[in-house]
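A.B. asks: To start, I am sharing the structure in question, which I have written as structure tokens.
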């Protein structure tokens with residue numbers, strides 16, 4: 001028996017040595033009762049000293065291997081240069097199981113909301129920032145303990161099979177009807193002789209009717225307060241900054257939309273078939289604005305208040321205002337001077353879809369040299385837009401209405417749109433602003449102006 005035990009112990013030692021050297025034919029499977037920490041998943045090898053004098057002692061020897069990467073700390077993603085901090089709104093709580101790429105929290109910045117997904121399948125161990133707390137780029141947000149598989153989705157509860165319905169018993173005999181409740185006083189027999197006193201006009205009820213609620217008569221008046229979100233605070237700050245910094249002045253004109261409507265009606269089907277895009281009016285105004293900005297480069301420039309210099313931009317990046325439930329956002333169409341109508345429509349559709357889904361990145365709204373705001377989609381007839389700093393001008397579009405206009409000495413009904421240009425009078429003179437707006441008017445009313453570069 002002793003010799004057999006020594007043989008088994010010696011064989012076990014050789015097998016264990018071969019296993020640690022990577023020559024074990026069993027691969028990475030461990031022996032019963034022994035947990036080993038060797039393999040590509042563990043960067044450092046944990047050595048074990050095992051007394052091979054008795055196989056029974058080895059049999060009951062155990063160790064616990066903990067991977068260093070089981071618990072990870074997720075940090076705030078890097079923000080753009082124009083964004084310094086944001087507010088955290090948690091979607092998950094401690095102990096919740098999350099799958100890879102599942103949103104754990106949302107960081108609301110001055111310009112947009114950034115979603116922070118889980119980098120792996122796991123369970124949230126700790127939230128390092130309170131709900132509503134302010135964070136900067138690279139701030140630790142939460143710790144996650146990784147698990148091997150995604151959390152199983154809860155199966156819908158099975159509805160139990162309907163039990164066998166028992167035959168309804170014969171209905172019992174209905175109870176005898178209750179005696180009717182007297183709701184009126186019994187009639188008073190009229191006397192044979194007329195009464196000496198005056199007759200009673202009506203019998204007063206024994207109980208007075210319930211009084212109506214005082215609140216219902218006067219009407220309810222209440223109010224409640226909601227904290228401004230960070231985006232609304234930033235919008236208010238920037239608008240007030242523009243009002244305090246810029247010398248804003250607005251000039252107006254009107255655009256005859258007859259030709260552009262006719263062109264759209266004639267080519268919209270072919271445009272949709274070739275580009276898989278609907279041809280709208282915004283692309284015409286964006287392209288016309290780029291054409292006018294090239295003719296009047298001072299409108300595309302900006303004043304650097306720190307150095308007291310005028311910065312002229314050789315590129316044209318046009319911001320298009322998009323209304324969302326959270327507020328107004330202005331994604332940027334870059335290098336518009338190199339685009340055609342199809343490129344502009346495609347970019348507008350992509351940015352608008354991302355804005356409605358709250359998926360705009362901060363980079364999508366950085367920069368911009370000129371802004372277009374279309375209040376006409378809401379039925380606005382007339383308005384004066386506010387400059388989007390640090391830009392120097394903004395174009396306001398409005399609704400299209402049929403109006404009588406004088407054309408060639410005759411009165412005709414034409415589809416007309418009012419347009420407004422608000423500009424920084426510190427940099428742009430009135431002559432340049434009016435010339436710029438007339439260029440836009442000419443390019444929209446007759447797109448051949450763009451082809452002929454007139």
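Placement of Cβ uses the backbone N, Cα and C atoms for every residue, glycine included.
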A.B. asks: Which of the listed positions, 47, 278, 357, does Swiss-Prot note as N6-acetyllysine?
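C.D. replies: Among 47, 278, 357, the residue Swiss-Prot annotates as N6-acetyllysine is 278.
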A.B. asks: Considering the residues 155, 198, which is the one that Swiss-Prot annotates as N6-acetyllysine?
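C.D. replies: Comparing 155, 198 with the record, Swiss-Prot tags 155 as N6-acetyllysine.
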A.B. asks: Where Swiss-Prot marks N6-acetyllysine, which residue is it, choosing among 68, 165, 308?
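C.D. replies: In Swiss-Prot, 308 carries the N6-acetyllysine label; others show none in the record.
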A.B. asks: With Swiss-Prot open, pick whichever of 146, 218, 240, 273 is annotated N6-acetyllysine.
C.D. replies: 273
A.B. asks: Check the candidates 227, 268, 354 against Swiss-Prot and report the one noted as N6-acetyllysine.
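C.D. replies: My reading of Swiss-Prot gives 268.
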A.B. asks: From the list 35, 54, 82, 373, pick out the residue that Swiss-Prot labels phosphoserine.
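C.D. replies: Matching 35, 54, 82, 373 against Swiss-Prot annotations yields 82.
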A.B. asks: Scan 92, 134, 274 for the residue that Swiss-Prot records as N6-acetyllysine.
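C.D. replies: Of 92, 134, 274, Swiss-Prot lists 274 as: N6-acetyllysine.
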A.B. asks: Looking only at the domain 'Lipoyl-binding' (71-145), report the model's average pLDDT.
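C.D. replies: Overall, the domain 'Lipoyl-binding' (71-145) comes to a mean pLDDT of 83.
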A.B. asks: Which recorded positions (308, 425, 429) fall within 10 Å of residue 268 (N6-acetyllysine) by Cα distance?
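C.D. replies: Matched recorded positions: none.
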A.B. asks: Within the chain of residue 273 (N6-acetyllysine), which residues six or more apart in sequence place their C-beta under 8 angstroms from its C-beta?
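C.D. replies: Counting only residues 6 or more apart in sequence, residue 273 (N6-acetyllysine) has no Cβ neighbour under 8 Å.
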A.B. asks: Check residue 278 (N6-acetyllysine) against DSSP and tell me helix, strand or coil, would you?
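C.D. replies: Reduced to three states, the DSSP call for residue 278 (N6-acetyllysine) is coil.
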